[in-house]
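Residues or ranges marked as domain 'Phosphofructokinase' in TrEMBL: 8-283. According to TrEMBL, the feature ATP binding site maps to Gly16, Arg77, Ser78, Gly107, Asp108, Gly109, Ser110. Among the features that TrEMBL reports, ADP binding site is placed at Arg26, Ala27, Val28, Val29, Arg30, Arg160, Gly191, Ala192, Glu193, Arg217, Lys219, Leu220, Met221. As annotated by TrEMBL, Mg(2+) binding site applies to Asp108. Per TrEMBL, the feature substrate binding site maps to Thr131, Ile132, Asp133, Arg168, Met175, Gly176, Arg177, Glu228, Lys252, His258, Ile259, Gln260, Arg261. Marked as active site, proton acceptor by TrEMBL: Asp133.
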Amino acid sequence: MTDKKVTRIGVLTSGGDAPGMNAAVRAVVRTGIYHGLEVFAVMRGYQGMIENDIVKMESRSVANIIQRGGTILKTARSKEFFTPEGRKKAYENLKSHGIDGLIVIGGDGSFNGALKFSQEFDIPCIGLPGTIDKDIAGSDFTIGFDTAVNTAISAIDKIRDTADAHDRLFIIEVMGRDAGYIALHSGVATGAEHVLIPEHKTDIDEVINSLQEKEKRKKLMNLIVVAEGDEFGGGEQVTKYIKEKLPNADIKITVLGHIQRGGSPTCADRILASRMGYHAVLCLMEGRNNVMVGIVNDQMHYTPLVKAVKAKQQIDEDWFDMIKILAS
Ligand code: ATP
């Protein structure tokens, strides 16, 4: 907590983009202005902070963006921000605009950056979890996850149609280098027979046995959803292995890729982002520092950034028993 009152705040989006970031920016800008603060957009994440790419925002600057994917502030990954010199430059630029509070919308990497920055300099930082991966503890959902999962679902539903028509086994790779939530949720919601994610050890031979058993009873249409970061190295590797073991099966692979990042945010993401953006400004006004704004059980929840970057959400093994039973 700090006693100093903020008067000018900055907002930036950093790391991977996520649908709903714009809704969060809109909420920050309008809440700040409503409370008499001046609000500045820092463009291109920490890189824009270092390059002094900072623009004053008005209420109308965020008109017509709540429904748009991507981020109007642009996002970037900044190598220079890892260095003390880079962060010092960033600090001097914020100071030259009189900015005395910062809201960072991004994933755990961006929070690590915010943590370092606010420990070195007298600018309080508030984090908003903006990542399609949902791999941050301290919030039930992160901005962008719901949209990404719904995009994956609508693609997998289409694949199911053609898989069913041809009695094929489809392997679908979804995003998630370190986290399997997109795979888990989209797999369950599309009735996939198997879901392979980094957080859960898969017995691949059990998967093969189950496919052979299904083949015997003429259930030939099967979906396997794989997170790109699963232990086998993603969909291509899984496909290769299964093809070797089941040479007669008709197997296809689809990698969904970046479509999962784009598109208009869902209602859930717009509301989550609006609530988080609104509360982030209140946090700065109340003198909070170094916390992430989250929502747990529909209540606002504040987690120290130092904890948010370390802890991951836990995936209950029960999910996998359920997948097996529902896909039998
Ligand atoms: P996503 O989860 O979508 O990948 P992210 O926020 O985790 O998003 P990163 O690329 O990990 O994305 O981090 C974004 C930026 O945050 C980095 O490019 C860097 O500028 C800054 N950053 C990350 N870690 C640190 C750190 N330890 N020290 C200083 N800056 C950091």
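Cβ atoms are placed via backbone N, Cα and C, with glycine included.
Annotated features, which come from TrEMBL, shown on the structure.
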residue	record	CB count, 10 Å
Arg26	ADP binding site	25
Arg30	ADP binding site	21
Gly107	ATP binding site	23
Asp108	ATP binding site	23
Ser110	ATP binding site	29
Thr131	substrate binding site	24
Glu193	ADP binding site	22
Lys219	ADP binding site	14
Met221	ADP binding site	17
Arg261	substrate binding site	18
DSSP-derived class (H/G/I helix, E/B strand, else coil) of Asp133 (substrate binding site): coil
Met221 (ADP binding site) and Asp133 (substrate binding site), distance between Cα atoms, whole Å: 28
Around the Cβ of Gly191 (ADP binding site), the count of other Cβ atoms that are within 10 Å: 13
Between Gly107 (ATP binding site) and Thr131 (substrate binding site), the C-alpha gap once rounded to whole angstrom: 5
Segment-level pLDDT (mean, integer) for the domain 'Phosphofructokinase' (8-283): 96
Distance from Ile259 (substrate binding site) back to Glu193 (ADP binding site), taken between C-alpha atoms, in Å: 23
Per-residue Cβ crowding (10 Å cut-off), top of binding-site residues Arg77, Arg177, Lys252: Arg77
Least Cβ-crowded entry, counting other Cβ within 10 Å, from the binding-site residues listed as Gly16, Gly109: Gly109
For the binding-site residues Val28, Met175, Ile259, the one whose C-beta sees the most other C-beta atoms within 10 angstroms: Val28
Cβ under 6 Å from ligand 1: qualifying binding-site residues of Asp108, Ser110, Met175, Gly191, Lys252: Asp108, Ser110
Max pairwise CA distance, angstrom, over record-listed substrate binders Thr131, Ile132, Asp133, Arg168, Met175, Gly176, Arg177, Glu228, Lys252, His258, Ile259, Gln260, Arg261: 33
Shell of the ATP site beyond Gly16, Arg77, Ser78, Gly107, Asp108, Gly109, Ser110, same chain only (C-beta within 8 angstroms of their C-beta centre): Ser14, Gly15, Gly45, Gly106, Asn112, Gly113
Those binding-site residues, out of Gly109, Met175, Arg177, Lys252, that come within 10 angstroms of Lys219 (ADP binding site) at the Cα: none
Three-state secondary structure, which DSSP defines for Gly107 (ATP binding site): coil
Set of same-chain residues at least 6 away whose C-beta sits under 8 angstroms from Ser78 (ATP binding site): Ser14, Gly45, Tyr46, Gln47, Ile50, Gly86, Gly113
